[in-house]
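Asker: Pasting the feature list from TrEMBL:
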ACT_SITE  D58  active site, nucleophile
ACT_SITE  D60  active site, proton donor
BINDING   D58, D345  Mg(2+) binding site
BINDING   D60  GMP binding site
Amino acid sequence: SNYNNVSSASGAGAGITFFSSLLFTELVPSIMSNMLNPDAIFSNNEMSLSDIEIYGFDYDYTLVFYSKHLHTLIFNAARDLLINEHRYPAEIRKYDYDPNFAIRGLHYDVHRALLMKIDAFHYIQLGTVYRGLSVVPDEEVIAMYDGSHVPLEQMSDFYGKSSQGNTMKQFMDIFSLPEMTLLSCVNEYFLKNNIDYEPVHLYKDVKDSIRDVHIKGIMYRAIEADIEKYICYAEQTRAVLAKLADHGKKMFLITNSPSSFVDKGMKFIVGKDWRDLFDVVIVQAEKPNFFNDKRRPFRKVNERGVLLWDKIHKLQKGQIYKQGNLYEFLKLTGWRGSKVLYFGDHIYSDLADLTLKHGWRTGAIIPELRSEIKIMNTEKYIQTMTWLQTLTGLLEHMQVHRDPDSQMILEEWKKERKEMREMNRNFFNAQFGSIFRTDENPTYFLRRLSRFADIYMASLSCLLNYEPDYTFYPRRTPLQHELPGWSDQLCTGTFRIPFLQETVQVK
């Protein structure tokens, strides 16, 4: 009805009524016939697998995936450490881990104790700022930040950390989901009970507790004790490695996890002969320092996990090595970085230095990708996004009409557009939405993903869909001045959603 009103009220927008009748009868079915493949590999940078001779892998959330029980374990263990070692109130035990609260890539204002989503241009997405477990009103956010922009000097550092004056911490690791949730829960407890506290101390204590769950071996021992509960067995991991081996590719593993933990996990998902598939295995590498520190030598780890003291002159197949550094790694193997493709889930620790400083090709493992694409392929989502794009185009086209009737309808459309944006967010996560987009722009997470990863995919199993000489071509992303805008397409009768990705065809 709004289309009819604006056509008659302003005397403009010819063809809008006709378009509205076609919107759901022709456009939506057309889009649904050409949906995205959740098992595809997506490219940010042109790359041919025929140029790749050596494949490298991280371990956690790259070769191995964990069940939902792991994050609950990390949350509970860190919460108990807060109580037992940092003297936090025992009442925080009433908070349980909520797997649906946070998403990866969020920023945390250490001084204000606020968790939020920031876009590629450093703008806060209003409606996604949380103090504790409660959303902060937009007006309060704008007052605190003198708008919604976060200056560069306040953003997290290169590795997403809050350091050297940076007030923001970015959570990029999948393991950080329990940390964000625990921070929010403890903040909530203090706020609800009117307890005065220092947010900086809380952030540090939670960070230290989460760290201790790892370095004190709490997480490792629990997983090793009940490996079937915590590790998602996937025979496709072995299938990927076997396929690469069959095609004569060299393979290596560089992980921050300890030797016995990796060994038991790999035996479970790949088999007892897993080391035979790898030319080099490096544990407790301390990435990203591994890629930058030239001083640390390698140490050999024997079958009992004992560190040997002899000097390493060659990295031998079947052996496990600890620490070391990338420069020594390349020297001992004789491998060229341009022939290497390394896969990892952490955009900063795994990929950033390799692509910026060493010229390696990089592949990001983004497990959230598969579930988000499945949502994007639903009819409900496509209808919502089609209508949202339509409203945006109409607002742009009709804003020139200043008569009262047109202005009244424009305000109605703005209200409807805001409601539909909230609906779109709820498709993915009720608090923060998609990890890839804010209302208007790509997220800061996606910006870093696009910069540091040549290709990205939901899991390594996606490689099984491609031949070893396949070339990945990124879609040419239209610049704003290269194609007509949505409103122009609307008026000329070219009915399509701008920039909707076509389905990736895989073999």
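Quick reminder: no glycine exception, Cβ is built from N, Cα and C everywhere.
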Asker: How long is the line from the C-alpha of the residue listed as 'active site, nucleophile' to the C-alpha of D345 (Mg(2+) binding site), rounded to the nearest angstrom?
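Answerer: Each residue's Cα considered, the residue listed as 'active site, nucleophile' and D345 (Mg(2+) binding site) end up 8 Å apart.
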Asker: Can you tell me the CA-to-CA distance separating D345 (Mg(2+) binding site) and D60 (active site, proton donor), as a whole number of Å?
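Answerer: Their Cα atoms are separated by 8 Å.
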Asker: Using Cβ-Cβ distances, find the residues under 8 Å from D60 (active site, proton donor) that belong to the same chain and are at least 6 apart in sequence, listing them in sequence order.
Answerer: Y66, I174, F175, T255, N256, S257, D345
